[in-house]
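What Swiss-Prot records for CYS43, CYS231, HIS256 is Zn(2+) binding site. Sequence annotations record features per position, and here Swiss-Prot assigns L-cysteinyl-5'-AMP binding site to CYS43, GLY44, ILE45, THR46, THR58, ASN81, ILE82, THR83, TRP227, GLY249, SER250, ASP251, ILE283 based on sequence analysis. Look at Swiss-Prot and you will find 45-55 tagged as motif ''HIGH' region', backed by sequence analysis. Summarising the annotation, Swiss-Prot assigns motif ''ERGGDP' region' to 187-192. What Swiss-Prot records for 289-293 is motif ''KMSKS' region'.
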Amino acid sequence: MQSWPSPPVPGIPGTGRPLRLYDSATGEVRPTDPGPVATMYVCGITPYDATHLGHAATYLAFDLVHRMWLDAGHQVHYVQNITDIDDPLLERAQRDGVSWRKLADREIGLFRDDMTALRVIPPADYIGAVEAMDEVTAAVQELIDAGAAYRVPDEQYPDVYFDVTASGQFGYESRYDEATMLRLSAERGGDPDRPGKRQRLDPLLWRVERPQEPSWSSPMGPGRPGWHIECAVIAGNRIGPVIDLQGGGSDLIFPHHECSAAHAEVLSGKRPFARHYTHAGMIGLDGEKMSKSRGNLVFVSRLLHQGVDPMAMRLGLLAGHYRQDRAWSDEVLTAAEARLARWRAAAARTGVDADSVVQAIRDGLADDLDTPTVIEALDAWAADETLDGSAVAAAVDALLGVRLV
């Protein structure tokens, strides 16, 4: 599937810093240690609605990772999926009286436009679950053959499930206890109480065909895949059995990333699936997480239509630390617009060199993407009328992705 155009990323003098990131699996900020080609998989959208600021904040966080690796001299192989077949998409299409494929294509196109406006570097591989269907069905059959998957004894709908005991370390990525995992499974699309499952936490691999639902042929019979196996297969087949970073929002820690890691590790025989599991915090509005189910969404496209500068949006979302849950408000946007204006005025100045400011940007981002510290240093630069603007503007463009000139 086509992604979106890449923004230009200027080169900046000096040497990039090695990046340290928080790893959900260890609870520690650890160095990333990629080889010449750094590899990253970030879970993409389920395209049944427009991109909201919660989505945008996640993709901006991993865009910073991408930019820091480039600055440190790595090539980056970035893969992102699109969950273009899933229950929420089908439900929304039925509600609106449109085909699920037409709805998905429309929202994917809008997402591309939003990412372009926000100057997010695109993935090298942008893969829909539907286009990877043959790969996914082969992987499900492989898990069945290995004894890691089974059918529930349901005469009408003998769906295929993954046996979580097959991984030998289920739970290591999230570090949640069983009660928490069961609660989150029930809240986030799982079915822990379905009869016939070996373990309550066993996730769905293949849903056999239901009336009035799209389905695909497979060795297991017609049906469609579960969510987690799609990401395991798309990442593994394009990057390899071990990746440097798996990323997404903090709501994906469990069950999605736990289960996709377990699938990938059983399929490849190698562990861990990712050297870092890194997660972005949630964006809230009026005291609640911004989500489609709550209907409290601020859409990127709507703000763009209102004439909001996408660089102000980007700067507003980067004002808080990426791992923190944080609130969006009119005040956040107003502050970001004022800051952007100050920085743009400073970027046009001539004066004494500001190499120390460029180094402060690198140092702050290298320390678990500490954007608040970076922004503080840039505010001080903007306030000092003796400092030159050109080198700092290039660094802000290259590393923060905010265009000042």
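Glycine is no exception: its Cβ is also placed from the backbone N, Cα and C atoms.
Proximity of ILE283 (L-cysteinyl-5'-AMP binding site) to non-local residues of its own chain (separation of 6 or more, Cβ distance below 8 Å) is seen for HIS52, LEU53, GLY54, ALA57, LYS289, MET290, LEU317, ASP325, ARG326, ALA327, TRP328, given in sequence order. Checking each of the binding-site residues ILE45, ILE82, TRP227, SER250 against HIS256 (Zn(2+) binding site) by C-alpha distance, the shortest gap belongs to TRP227. Neighbour counts of Cβ atoms within 10 Å were taken for the binding-site residues ILE45, CYS231; the minimum is at ILE45. Long-range Cβ proximity for THR58 (L-cysteinyl-5'-AMP binding site), meaning a same-chain Cβ under 8 A and a gap of 6 or more residues, is found for VAL42, GLY247, GLY248, GLY249, ALA280.
Rounded to a whole value, the Cα-Cα separation of ILE45 (L-cysteinyl-5'-AMP binding site) and CYS231 (Zn(2+) binding site) is 12 Å. There are 23 other CB atoms within 10 A of the CB of CYS43 (Zn(2+) binding site), with all protein chains counted. Ranking the binding-site residues TRP227, SER250, HIS256 by how many other Cβ atoms lie within 10 angstroms of each Cβ puts SER250 at the bottom.
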